[in-house]
Amino acid sequence: MSAGRETGLRRALRMAALAGFGLLAVTLEAAPLGLSPAAVTSPDLVFCIVAHWALRVPGAAPVLLVFALGLARDLLTDLPVGLGALGLVFAAEWLKTRRALLARQPFVLEWLAVAAAAAAMAAALWLAVLLSLAQPPFAAALARHTAATILVYPLVTACLGWVLGIGSLRDLPRAAGEAR
Amino acid sequence: MRRTERGQGSDPSEGLNRAIQRTIFGAVIIAGIVLFVLWRTDNPRVEQMRLTLMDAVLPSMGWVTEPLAVMTEIARDYEAVVDIYEQNRALRREIQRLHAWRETARQLEEENAQLRALNNLNQPPRTTFVTGDIIADSGGPFRESALVNVGARDGVVDGSAAVDGVGLVGRVSGVGERASRILLLTDFSSRIPVILKPRGRRAVLAGDGTPAPRLEFLDASEQVKPGDLVKTSGDGGVFPPDIPVGRVIVTPSQEWRVVLLSDYSRLEFVRLLRYRPDTRIDRPGGLVLPDGAARDPRPAERLGAGGTGRPPALTE
């Protein structure tokens, strides 16, 4: 009973940490670091953090929390409202299903899975905006943004692993991949 | 440990859990689609939502964004710091030169005011402004916009022109209580009526996600030359006329584009202009009929009511 309560408390703490880090990431993304279209593209830090959680502690990354984070990001950084949040939810859910396969595998495979999710999310967003008869961004600009996200993922993972002690997927037993 | 916890649950509760999760997932998808449709069809309402959230989180955002902005600025100015002594000397020389110009400008302003008074000229109302600090920009490549920390309580209205020290930056497209959003000239949906000086050709400046927006609907383009100054025309009554915007260039693909005067990479503060046009033509003029054909016995008075007729004593 007390073990269950302890687990529940840990889960709640990890959810709170996801919310906190997610909001910090939104704020960092929104920081005015150059308004010109030619300025350096900021990476999608919220996606990196959600992907880290979805692969390591999927139980602490529930759909509603991920959606709320995505919505806050959409509203504060001027993305297509609702669409960015949906993309984040689908990416997180897909990564959760890949967790069992990625457990005890080298980091490169995890990185590839995250890169695939990021690229698919960006392509889906671009297509959805195009289909809704709005003007989609330049494919090159979106590709730059996605590339920045993919490049920054190992850094985010290393930082979060160091801060929270949720280390590499290699430490997880393969069977743990099925736990949600 | 997690596995043991899950293992304690019986099958029916596990099934119920899955059903709940599936329902939540479905509800989230529907909510996302509804919000997206609302964003596409009824943008002002979503914009209001955005700015309400902004008003709520604005004080806490400053804690993160301001140090970051300061750090960026420091990194950017590092090179300038290296030759600060030389810069200081150059600035002192420039200040001395500008002192002389200031006196000249004052004298000219006085003279100008006297001449205008003699001429009984109806001057446009003085445009006032409020200055705001840029606190956020659009993170992704979908929009070119920025948020400033002044809003409705400071007198900002939707559509106000945003300028920096040199030229036009964009227009306000969403006002919250304490924050407002500026749609930059480079955004895909930005369209500004402009006039090209010195020839006075009119065009529409259309943003397309590149640093140099395109000129559309340019009339008599053969009279336009690269280097011509682009200013707001004031058509539509949203912007005051004659705000400098940029200079015309021609791309190798023979496209007319405008290099903006304002430097987006160094934008920290913007002025939001509070402008109300003093004259507005809101109805068509009356018919001007030839003498004799007029059915109205007092045509001069009818014309006078439209504001275009002269007093009868002055007509021949």
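Backbone N, Cα and C define each Cβ position, glycine as well.
Residues annotated as transmembrane segment in TrEMBL: B:20-39.
Averaged over the coiled coil (B:91-118), the predicted model reaches a pLDDT of 86. What TrEMBL lists as coiled coil is B:91-118.
Annotation source TrEMBL lists domain 'Rod shape-determining protein MreC beta-barrel core' at B:134-273.
TrEMBL lists B:285-316 with the feature region 'Disordered'.
Among residues of the same chain six or more beyond the coiled coil (B:91-118), none has a C-beta under 8 A of the stretch's C-beta atoms.
Residues of the domain 'Rod shape-determining protein MreC beta-barrel core' (B:134-273) grouped by DSSP class, helix first, strand second and coil last, total 9 helix, 61 strand, 70 coil.
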